[in-house]
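Asker: One structure follows; several queries about it will come next.
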Amino acid sequence: MDDNKRPLYLPFAGPAILEAPLINKGSAFSEEERIFFNLEGLVPYAIETIEEQASRAYDQFRSFNNDLDKHIYLRNIQDTNETLFYRLVQNHISEMMPIIYTPTVGLACERFSKNYRRNRGLFISYPNKDRIDDILNNSTRQKVKIIVVTDGERILGLGDQGIGGMGIPIGKLSLYTSCGGISPAYTLPITLDVGTDNPQLLEDPMYMGWRHPRIGGEEYAEFIEAFMQAVHVRWPDTLIQFEDFAQKNAMPILERYKERYCCFNDDIQGTAAVTVGSLLAACKAAGTELNKQRVAFLGAGSAGCGIAEAIVAQMVSEGISDEQARSQVCMVDRWGLLLDNMPNLLPFQQKLAQKCADISHWNNFSDNISLLDVVNNVKPTVLIGVSGAPGLFTEEIVRAMHSHCERPIIFPLSNPTSRVEATPKDILHWTSGQALVATGSPFEPVVVDGETYEIAQCNNSFIFPGIGLGVLASGARHVSDAMLMASSRALAECSPLAINGSGPLLPKLEDIHSVSKHIAFAVGKVAIEQGLSLPASDELLMQSIEDNFWKPEYRRYKRTSF
């Protein structure tokens, strides 16, 4: 029986129900419910459907003149009636996705303390490190299955936002529900408040976090360890997603815990999965394969290197050697092309550095090899930006790339839109509409020579909700590299351009539910094959996906004894 058709038995009544966002219906309580739960007079007389409520809410939403006010309004609905919030977002997903998440969430994070209204999620501050168990038990969510956690140090392209980073876990979990069908009752956003090195926040009298420079070293590592152990004790089967940790911490944390707990880092692995999925779709649309591409990156942090490693793995799976695959991927950061003789490379960068001997014949060889030098010498067919620095894909670079590649694949992925390496409009005009473009943030369609080009948003929201749904449906104990690779291939299978030869590179957001289910099935199937979950047939896995897919519909309530 569909859970939405089962009555929900509640042990409380009156204003307490109206103050509980997971069960509040507002004006949609039936006459019987109003009597049984002592709600008569607490809500207006008219009994409305959820669609009538959503229509009113949408009119109110459209009355606001700026995106931040719209974001605050939607968050207020979320904090009072979650079912209505998700019905409203479901009805207007393309319009509201940029409001509840990127790019608007970046501004919401910057103004978090100034705009704070109501508690959501958990703040675990370092001075309370000995009471983490108590804090987790304070959560009103008893059956948590997905946690998104941040320490606020690298929020989008905005840097250290302290506890203001809480906007990211809240936004990400909103997408787990609206895109992946994860019940909001099973989600919990958490911010680890370990101080901030942002002087503006430390000096801001309204800042609500711990006013202290960020801790590091052993103190930080021990705090993360205590948190992970406490979560595992409280909710042993939960999936933990690490979000917006600084480069120096992101990869070490992932490496330390990915084999111990069910966890993944969306900035590293989710970004890599959606990028590889988009590249596979672009290659199919261009009539080629990924292992034949030459790839140049601008940005060699943990996210960029995570994408590069996923590309290498996919190339190897298509039949070339690991050494050959790595020779086809060039990483450029602020110091130029990564080379194996550079003294200060991080461990995850070392495996992606090019050999000096292999490039000694290049034109304009120097100690600091620029992106333009790489384009002129390597002649890449794929250009990916994860630098967080706007405007670095210049006209000269893009035109140089197009001069040797008829259909260049160009992905300026930095968020938010103010940080993008080049706008789709510029890229398409510089390449006469020939480039295959995907961006990290939403952009309007571009018209070139009378032809309209839809801009694919290479957004992690196409990947992580499906991964989460697949983990929950299969009961996977870990998130393996093979599961992530399966999510990339499943996303590519949903590309309208790859399937039909026309249309956008990635599916429309209106199709996100079917995309997430398709990805969930691929992820769950690999988990079963790898022995990371109990054996199940394809039919049982698909049924489990449907059973776990929550819909924003009101349930009937019945009263139980108090």
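Glycine is treated like the rest: Cβ placed from N, Cα and C.
According to Swiss-Prot:
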- TYR101: active site, proton donor (ACT_SITE)
- ARG154, ASP267, ASN415: NAD(+) binding site (BINDING)
- LYS172: active site, proton acceptor (ACT_SITE)
- GLU243, ASP244, ASP267: divalent metal cation binding site (BINDING)
- ASP267: site 'Important for activity' (SITE)
Asker: Just checking: which of TYR101, LYS172, ASP267, ASN415 have a Cα that is within 10 Å of the Cα of GLU243 (divalent metal cation binding site), counting only these recorded positions?
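Answerer: Near GLU243 (divalent metal cation binding site) by Cα: LYS172, ASP267.
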Asker: Restricting to the recorded positions ARG154, LYS172, ASP244, ASP267, ASN415, which ones have a CA within 10 Å of the CA of the residue listed as 'active site, proton donor'?
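Answerer: The recorded positions passing the 10 Å Cα test are LYS172.
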Asker: Non-local Cβ contacts of ARG154 (NAD(+) binding site) (under 8 Å, 6 or more apart, same chain)?
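Answerer: Listed in sequence order: ASP160, ASP244, PHE245, ALA246, GLN247, ALA250, ASP267.
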Asker: Would you list the other residues of this chain near NAD(+) - those whose C-beta lies within 8 angstroms of the C-beta centroid of ARG154, ASP267, ASN415 - in sequence order?
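Answerer: Once ARG154, ASP267, ASN415 are set aside, the remaining close residues are ILE155, LEU156, GLY157, ASP244, ALA303, GLY388.
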Asker: Please give me the CB contact count at 10 A for ASP267 (NAD(+) binding site), counting all chains in the structure.
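Answerer: Step by step: centre on the Cβ of ASP267 (NAD(+) binding site), count other Cβ atoms within 10 Å, giving 26.
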Asker: What's the longest C-alpha separation between any two of ARG154, ASP267, ASN415, the listed NAD(+)-binding residues, in angstrom?
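Answerer: Value for the max Cα separation, rounded to a whole number: 12 Å.
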Asker: Can you list, in sequence order, the residues of the same chain other than GLU243, ASP244, ASP267 whose CB lies within 8 Å of the CB centroid of the divalent metal cation site?
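Answerer: Counting only non-site residues, the set is THR150, ARG154, ILE155, ILE168, PHE242, PHE245, ALA250, ASN265, ASP266.
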Asker: Since the record lists GLU243, ASP244 as binding-site residues, which of them has the fewest other Cβ atoms within 10 Å of its Cβ?
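Answerer: If we count Cβ atoms within 10 Å for the binding-site residues GLU243, ASP244, the smallest count is at ASP244.
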Asker: Rounded to an integer, what is the Cα-Cα distance in Å between ASN415 (NAD(+) binding site) and LYS172 (active site, proton acceptor)?
Answerer: 14
Asker: Let's check the environment of TYR101 (active site, proton donor): how many other CB atoms sit within 10 Å of its CB?
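Answerer: Its Cβ has 26 other Cβ atoms within 10 Å.
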